[in-house]
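J.: Shown below is the structure under consideration.
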Amino acid sequence: MNTSEREPLLDTTTRNRVYDTTDNPSTKIMKREKDNPKAKTTSFNQGKLNIGEETCDLYAYKETIGRQILFWLLTIVTLGFYQLLAYWVKSLFVKVRFQPTSHDECEYVMVEDIHGTQTIKEVFKAESDVGLARPTRSGKQEKVKVMRFFTYRKIKYIWYEKDQEWLNPADMDSAAPFNIYQKLTLDVIGLKEQDVIASRKIYNMNALALALTPILVILFKEVLGPFYLFQCFSVALWYSDNYAYYASVIVIITVGSAAVAVYQMRAQEKRIRNMVGDTISVIVRRDGHDITIDASEIVPMDILILPSNTFILPCDCLLMNGTVIVNEAMLTGESVPVTKASLKEADECGPEIRLSSEHNRHTLFSGTTVLQTRNYKGQPVMARVIRTGFSTLKGQLVRSIMYPKPQEKEALKDVMVFILVLGFIALIGFIYTVIEMVSRGESLKHIIIRSLDIITIVVPPALPAAMSVGIINANSRLKKKKIFCTSPTTVNVCGLINVACFDKTGTLTEDGLDFNCLKAIRKNEDGKPEFTSEFEELDPVKLSAENANLNIVVAAASCHSLTRIDGTLHGDPLELILVEKSKWIIEEAVNSDEETQDFDTVQPTVLRPPPEQATYHPENNEYSVIKQHPFNSALQRMSVIISTPSEHSAHDMMVFTKGSPEMIASLCIPDTIPEDYMEVVDEYAQRGFRLIAVASKAVHLNFAKALKTPRDIMESELEFLGLIVMENRLKDVTLSVINELSVANIRCVMVTGDNLLTAMSVARECGIIRPTKKAFLITHSKTEKDPLGRTKLFIKESVSSSENDIDTDSEVRAFDRKAVLRTATYQMAIAGPTYSVITHEYPELVDRITAMCDVYARMAPDQKAQLIGALQEIGAKVSMCGDGANDCAALKAAHAGISLSQAEASIAAPFTSNVPDIRCVPTVIKEGRCALVTSYAVSKYMAAYSLNEFLSVMLLYNDGTNISDGQFLYIDLVLITLVALFLGNTEASRKLSGIPPPRRLATSAFYFSVFGQMFFNIITQTTGYLLVRGQSWYVPNPEELDNTTTMIGTTVFFTSCCMYLGYAFVYSKGHPYRRSVFTNWLLCGIIFVIGAINMVMIFTNMGFLMNLMGFVYVPSTSMRFILLAISLAGVFLSLLYEHFFVEKVVAIHFESYLRQRRLRNGDPSLSAYEKILAAIGSSPRWFEDEINLSKSIDRKETIESKC
């Protein structure tokens, strides 16, 4: 096949929508251009880069000699400081280093994503005299002599001059019509060598190449952070001032924290690389020959020969012939084998049809496991490669893990603001010190060192390390509870969680379904059908006793898609349970060659009842399944054709169909359905049971006609046989955990792939739908449109478990674009297809629907991640708990992803629980709250300590003296380091409080606390200072003595030491997020020991201690008691101030007042989530002012709503 005739295939590469195989990519491209007028280049060097549904800004640059000289000149003049700033701020780098230019001739591009992350990439050129064939949207190839490209986040982007866009070649393949793929099934020759070479220049290798970043590079990036550099500056200053001991301690702490950070990054890289796995050898057909190559050498449009043994697919491909049974657990999270059909069985379609989810039954996805292949004798099973490398399904998953959404920068911003405030104070002290020392005639070196020393005192270099103490302790406690964290910084974020999302199956409920009962059909005295009583077994004896139709047993044993692989039945656990309950015997071909190669002959599965049931099937003890119509989610059913030959006819056959109660009822003859059918169905559904309706009909056809008769004809005019009731039990802890979270005002949300009815039932059972609230279902009509041509939406009431689940009698009204529900005393539920309609056609409703819906059913994996993103967009702090690989994208997107799995999901999530239930969620939140408030407390403690020490130094500088090195060392190393180290050792509260912790560090309560303590410091130290100076026995420091060994310095030291210890109690608040400080026996022990040492220093006159600390003996014992009393009074006032004024008045009343005022004024700093909830909660009839429409909905007095 000639390269120019290649017709490449579709790609659905996204980052936010990792598993998106539902949308037409070419439509997405056109939609983006239509919706975004800036999709084209808006200025000569600015453009847009489309990555799935994310649009990044793109800027084009080139190098010039003059700008390079300017760049290096600035670097030299600033002693490298400019280079450092340019490293932190990429835009500053490109403004000096590069010259803006057009994209047609650029040498570099800067990509800025929607989160503001900037990345500079070099543009490369590929040239060929014979021309390079690159894909186009039409599916054709166009030849160019020069191709310009760059690689961003593992994906190659090529410059298309005509379109004036950078495009991913795999995305361009996506525009090819689907009928092209169908035509390619006739080509079994494969690519020629020149085609392969040409493809490799366009597409990257089929390998998820993840080279480990060198440790030195990781370390270099880590230590170039502002905090690390400030620590280096401080340490250098201290060493130059002979303050070596504390400097060495800071060095040890800094090196340790950097080592931990490097280790965590390297461990994460290794985990991702292990997930990718090694490459394998595969067989491809090229130029008519089957050759074995490494999987990394596969290119798009290769023909892959699928082996009959189990193996993992290395790429995405379309099945050309035969059938393949695959395990798509990596895609769907369900380990149920799926049968894939070849393209030859696909319906003929026109050029307007693109690859979509409707064609997934022909698509084999990378990372999924092939269990079995079947084809005609002597012919291999072949598949056409359509996506390779990071464009595949698995590649998208890996990229979503490698390039996650960055954590919110609010906390870092608050810390920086706080440091700037301290820096301003330090600047005042710096100026004062310079003026004071110049006036005293100090040397220039002394002035510089002492002035800079003020900065290191006020802005503590150990602040980042101290703030991480709570995180380290929380991680340690989580590990003891078998919860493992790969991203420690996420722990603090967990303390802010206010929305907890859960998958259903395997997370809230047990993994599998259990058989509950059977309700068969019998004829009553009037000959009308009615339900029998419940049967706990598929027992013909008991069924016969009630004159039930025994065909329901045959249906349970035969109507399934189970497959025998290596002698063992594999398939849907539900079907395995039914076959086991029936006790029937299933016989298939026993030889592997027979299993996989005799696909061209009719080789039916044979079913036999057990010997003890033979008397109940006298006419036929052997049944043959001659055809299977697999389950189709759109049709909501599956069916089989069973040959039941008798002595009267060899053409007797039965069709058995099972599916959803609604669908099966619509296919049955009405006279065969009991009158109370819907009442019975609703009764079971609202109790959380999964119902399977079963029906049958007899047909008289020969084998050939039976195989060719259309499915819709075979599945019509059925006789209803009964209902099979399956139970998906809640896990033991689910109800208590959901209740604990709800009581703590943490919103619980179910996000599941199950149907809406079952999801609502389970949600009510576990407490997500609260019994005190009404619930409403948002649905849509596939056929009805509103006046604007959009899909029509509807709202129904779902009532309590004591009534029917869906109120079908209530008035159902259209849901208009301006409609919103008016009361906070309700909850909502929605299915994935309806949610998709809203996001695409009613974008203005997305925020309110996202804020109010608590049950999301029929959600695809990409929709789960989309929902998490929508919740984050309105300002919610979201956790996601799931157990399947289909939850990976959502786990990674959430602020706190918690995996209950050890597979792919555990790699995507920062938390993994070895206890497979949701009790880990409140545990993580409690530990997160504890770590968060500990970080706040340590921040305030370090700030109070710094300001305390700053005041001491300022007082002593005024007296021409300073704190001695021994005193500095005791304060910094013993008082502060030890206390800060154990301050975070207080455990989390056992109860999850209903009051959330402060969302930000920089609150009014924080600053009132820090500066209030500063005020008490000033009073305490100044009082002691003035008292001692006013005594008759006070002797000023002689000029010939060291100016750090003074009586006034000793006095200031004594008074400040008590304040340091007092802060440990002031900032060790327990309730409601931590346990009492007295449970932290290590901290209490440290405080007791240090307090005793302080008493010894104040009241004794030991020579070695006086010399070591630089003390001057205070001759008056009464004055020492007075100094102690002043210090204790200061501590007591600090405690009262913090407890009563800061925590009661400021944190509660003043903060509440500010919050209410911001809500009234529509402050943009408040999240949309808060505004929506506040509006609904404060005014139950708020919508009437906007819509001026209300109407009571039927007898149940449901909500008044403009629909």
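Cβ atoms are placed via backbone N, Cα and C, with glycine included.
According to Swiss-Prot, the protein carries these features:
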- ASP503: active site, 4-aspartylphosphate intermediate (ACT_SITE)
- ASP883, ASP887: Mg(2+) binding site (BINDING)
- 21-42: region 'Disordered' (REGION)
- 595-617: region 'Disordered' (REGION)
- 90-209: topological domain 'Extracellular' (TOPO_DOM)
- 231-242: topological domain 'Cytoplasmic' (TOPO_DOM)
- 264-297: topological domain 'Extracellular' (TOPO_DOM)
- 319-414: topological domain 'Cytoplasmic' (TOPO_DOM)
- 436-451: topological domain 'Extracellular' (TOPO_DOM)
- 473-935: topological domain 'Cytoplasmic' (TOPO_DOM)
- 957-962: topological domain 'Extracellular' (TOPO_DOM)
- 984-1007: topological domain 'Cytoplasmic' (TOPO_DOM)
- 1029-1046: topological domain 'Extracellular' (TOPO_DOM)
- 1068-1085: topological domain 'Cytoplasmic' (TOPO_DOM)
- 1107-1120: topological domain 'Extracellular' (TOPO_DOM)
- 1142-1203: topological domain 'Cytoplasmic' (TOPO_DOM)
- 69-89: transmembrane segment (TRANSMEM)
- 210-230: transmembrane segment (TRANSMEM)
- 243-263: transmembrane segment (TRANSMEM)
- 298-318: transmembrane segment (TRANSMEM)
- 415-435: transmembrane segment (TRANSMEM)
- 452-472: transmembrane segment (TRANSMEM)
- 936-956: transmembrane segment (TRANSMEM)
- 963-983: transmembrane segment (TRANSMEM)
- 1008-1028: transmembrane segment (TRANSMEM)
- 1047-1067: transmembrane segment (TRANSMEM)
- 1086-1106: transmembrane segment (TRANSMEM)
- 1121-1141: transmembrane segment (TRANSMEM)
J.: Look at each of the recorded positions, ASP503, ASP883, ASP887, and point out the one with the fewest other Cβ atoms around it within 10 Å.
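T.: Taking ASP503, ASP883, ASP887 as the recorded positions, the minimal 10 Å Cβ count falls on ASP883.
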J.: ASP883 (Mg(2+) binding site) to ASP503 (active site, 4-aspartylphosphate intermediate): how many Å between their Cα atoms?
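T.: That comes out at 8 Å between the alpha carbons.
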J.: Check the topological domain 'Cytoplasmic' (231-242) for me and report the mean pLDDT.
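T.: Averaging the confidence scores along the topological domain 'Cytoplasmic' (231-242) gives 84.
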J.: Between the Cα atoms of ASP887 (Mg(2+) binding site) and ASP503 (active site, 4-aspartylphosphate intermediate), find the distance and write it as a whole number of Å.
T.: 8
J.: Work out the three-state DSSP category of ASP883 (Mg(2+) binding site).
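T.: Note: ASP883 (Mg(2+) binding site) is coil by DSSP, not helix or strand.
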J.: Given the cut-off of 8 Å on Cβ pairs that are 6 or more apart in sequence, determine whether the transmembrane segment (243-263) and the transmembrane segment (1086-1106) share at least 3 such pairs.
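T.: No, these stretches are not in contact.
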J.: Among 936-956, 963-983, 1008-1028, 1121-1141, which stretch has the highest count of C-beta pairs below 8 Å with the transmembrane segment (415-435)?
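T.: Result: 936-956.
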J.: Near the topological domain 'Cytoplasmic' (984-1007), which residues from the same chain, at least 6 beyond its ends, have a CB less than 8 A from one of its CBs?
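T.: Cβ under 8 Å, 6 or more out: 410-411, 414-415, 417-418, 421, 469-470, 472-474, 477, 495-496, 498, 740-741, 743-746, 922, 925-927, 929-936, 938-940, 1068, 1070-1077, 1079-1080, 1082-1083, 1142-1143, 1146-1147, 1150-1151, 1154.
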J.: Can you see whether the transmembrane segment (1121-1141) and the transmembrane segment (69-89) are touching - at least 3 CB pairs under 8 angstroms, only pairs 6 or more apart in sequence?
T.: no
J.: Could you give the residue numbers and ranges of same-chain residues that sit at least 6 residues beyond the transmembrane segment (963-983) on either side and whose C-beta is under 8 angstroms from one of its C-beta atoms?
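T.: For the transmembrane segment (963-983), the list is 242-243, 245-246, 249, 462, 466, 469, 934, 937-938, 941-942, 945, 949, 952-953, 956, 1042, 1044-1045, 1049, 1052-1053, 1056-1057, 1060-1061, 1063-1064, 1067-1068, 1080, 1082-1083, 1086-1087, 1090, 1093, 1108-1110.
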J.: Which residues of the chain, 6 or more past the ends of the topological domain 'Cytoplasmic' (1068-1085), have a CB below 8 A from one of its CBs?
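T.: Those are 495, 926, 929-930, 932-934, 937, 979, 982-983, 985-991, 993, 995, 997, 1143, in sequence order.
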J.: Using DSSP, tally how many residues of the topological domain 'Cytoplasmic' (231-242) sit in helix, strand and coil.
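T.: Within the topological domain 'Cytoplasmic' (231-242) the tally stands at 10 helix, 0 strand, 2 coil.
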J.: Near the topological domain 'Cytoplasmic' (231-242), which residues from the same chain, at least 6 beyond its ends, have a CB less than 8 A from one of its CBs?
T.: 223, 250-251, 254, 449, 452-453, 456, 461-462, 965
J.: Go through the chain and flag residues at least 6 beyond the ends of the topological domain 'Extracellular' (436-451) whose CB is under 8 A from any CB in it; none is fine as an answer.
T.: 237, 240-241, 430, 957-958, 960, 962
